[in-house]
Amino acid sequence: MHLSEITHPNQLHGLSIRQLQQIARQIRDKHLQTVAEFGGHLGPGLGVVELTLGLYQTLDLDRDKVIWDVGHQAYPHKLITGRYSDFHTLRQKDGIAGYLKRGENKFDHFGAGHASTSISAALGMALARDMNGEKFKAVAVIGDGALTGGMALEAINHAGHLPKTNLLVVLNDNEMSISPNVGAIPRYLNKMRLSPPVQFIKDNFEEQFKHIPFVGESLSPELGRIKEGMKRLAVPKVGAVFEELGFTYMGPVDGHNLEELIATFQQAHQIAGPVLVHVATIKGKGYELAEKDQVGYHAQTPFNLTTGKAIPSNKPKPPAYAKVFSHTLVKLAEQNPKIIGITAAMATGTGLDKLQAKLPNQYIDVGIAEQHAVTLAAGLATEGMRPVAAIYSTFLQRAYDQIIHDVCIQNLPVFFCLDRAGIVGSDGPTHQGMYDIAYLRCIPNIVMMAPKDEAEMQRMVVTGIEHTTGPIAMRFPRGNGYGVPLMEEGWEPLEIGKGEILRNGDDVLIIGYGTMVYPSMQAAEILSEHGIEATVINARFVKPLDTELIVPLAQKIGRVVTLEEGCVMGGFGSAVAEALLDADVVVPVKRIGIPDVLVEHATPDESKAELGLTSRQIAERVLQAYFQKQPSPVS
């Protein structure tokens, strides 16, 4: 059987180990070819090929439900659930998603994109099953990185107190999240993997057993069960933490040995109550370069399969915002030992790996634990440190109560640096940084700013460090800057709550925030071609808003347009409209941003065009709204 013939996971039933191994090779080939051509997550999926096949051969997927944590390791799952022929559309506009979505396929039982949610969801399904008198298996597959998240531990704590609720948790232990794991839980798991008795049994038992005359080969299918029993006798403390929490623990199991996996899962299905199967895998398995560099090959842009190197762009690009941020922060931290960079398992993505390499004592990685990261930063701030919490906009949502309760209510000087703010592209709706303006600006005491380009970002990093009277946040986008000149030192902080006028005109006032400032200027130039002159403001701050600048100009000009790369509801445009109403200035305000929709996966440019956020579309919308002009001249 060829992988392309599999349209239903139950077709794996009855396949021999040899046939499953052939399917595994085909999955890896398709996975590698697709990601090399189009980009995507590489290492996570390569590491769970045998785990997926072994687990699915023991389940009835017409009935049983498997919940994949995060979802970026579920490419093998997609390939055996009827999406082989569409796999070349992965993460592309109108193609299949890079994560799991309930609406995409009947075997995607729970959507995700963020970590640590699978056990809670699977437990909810298991409880509903029992309440409804149904019969199906509920399985959560979670990585050891995601297991460091508090939500996963909360779910384990709950499930362990439900001895009559059948639930299977498969722990995919590859010793990594995106970067190497940190904390006591990964260290405990690693000790179990490396326990000498476990290693001895793993390395020697099977080979010695097969050499027993007459019975060795005939009992080969039972080796998984026998090996599991031997490990539990030899190492009674293996899995003790999970056993104490109410789970039956099995493992560690070789995550690339199909015989052992199938035998273990079959045994696990016979056990009542919550069961945890600990599977040891290798991230990037089957692609040597990814096995050797598990951080670098977690996710890839298009690359050469032979060399592993990214396919170069046709033209040189300016530095990425994250790179400018990290470079500036390191420079400042070298001069100020009180600056402490904090990441929640995203050191490479946020650029804090540069701080770790240069000043390791001024760097903290808390693992996938955004709530802890924020309150840890608050604690550091109480003692005079300058904590810089660099967290993706979409992930900071997970710590909203801590932002309010632990930072803002106490007015502590924590500097939040929100990477990936705005439209992020092919990761889709779970990762779009659309909501931070709305969810932060409503909180008392916090200051919020966004740079128009990478040079202004450098000044905002200084502003955030020097602002010691309360919390402050800076949002910045994924991707590259504009190529404006940068300084190596001597950056001046900005005055809090002050914007700037970039262009003068009498016909319409355009106020841009962050990434929408340059498109504002470009739209103004297009409007000028039609005899309409715009004043353009770079707001810089949404809170406090520069009302001294904005209100008089709005009253004078009489037509206002706001631009933001965030949700319109409660966002920057709403802040401007509220300020004008509070000042009794009644003028029309056209708010342009992301409407009340989920932004699906596509390139950022494709998404912006679909949302009407290109400079030409902005000019068109202004013409239609205020000057009764048809769109054709600027379409």
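In case you wondered, yes, glycine gets a Cβ from its N, Cα and C as well.
According to Swiss-Prot, the thiamine diphosphate binding site annotation covers His72, Gly113, His114, Ala115, Gly145, Ala146, Asn174, Tyr287, Glu370, on the basis of sequence analysis. With a 10 A radius on its CB, His114 (thiamine diphosphate binding site) counts 21 other CB atoms from all the protein chains.
Proximity of Asn174 (thiamine diphosphate binding site) to non-local residues of its own chain (separation of 6 or more, Cβ distance below 8 Å) is seen for Gly47, Gly143, Asp144, Ala280, Thr281, Ile282, Lys283, Gln294, given in sequence order. If you look up Swiss-Prot, you'll see Asp144, Asn174 marked as Mg(2+) binding site, on the strength of sequence analysis.
In the three-state DSSP assignment, the secondary structure recorded for His72 (thiamine diphosphate binding site) is coil. Contacts of Glu370 (thiamine diphosphate binding site) defined by a Cβ separation under 8 A and a same-chain sequence distance of 6+ are given as Ala344, Ile391, Phe395, Leu396, Arg398, Ala399, in order along the sequence. DSSP classifies Glu370 (thiamine diphosphate binding site) as helix under the three-state reduction. Taking the Cβ of His72 (thiamine diphosphate binding site) as reference, residues of its chain lying under 8 Å away and at least six apart in sequence are, in sequence order, His41, Pro44, Gly45, Gly98, Tyr99, Ala299.
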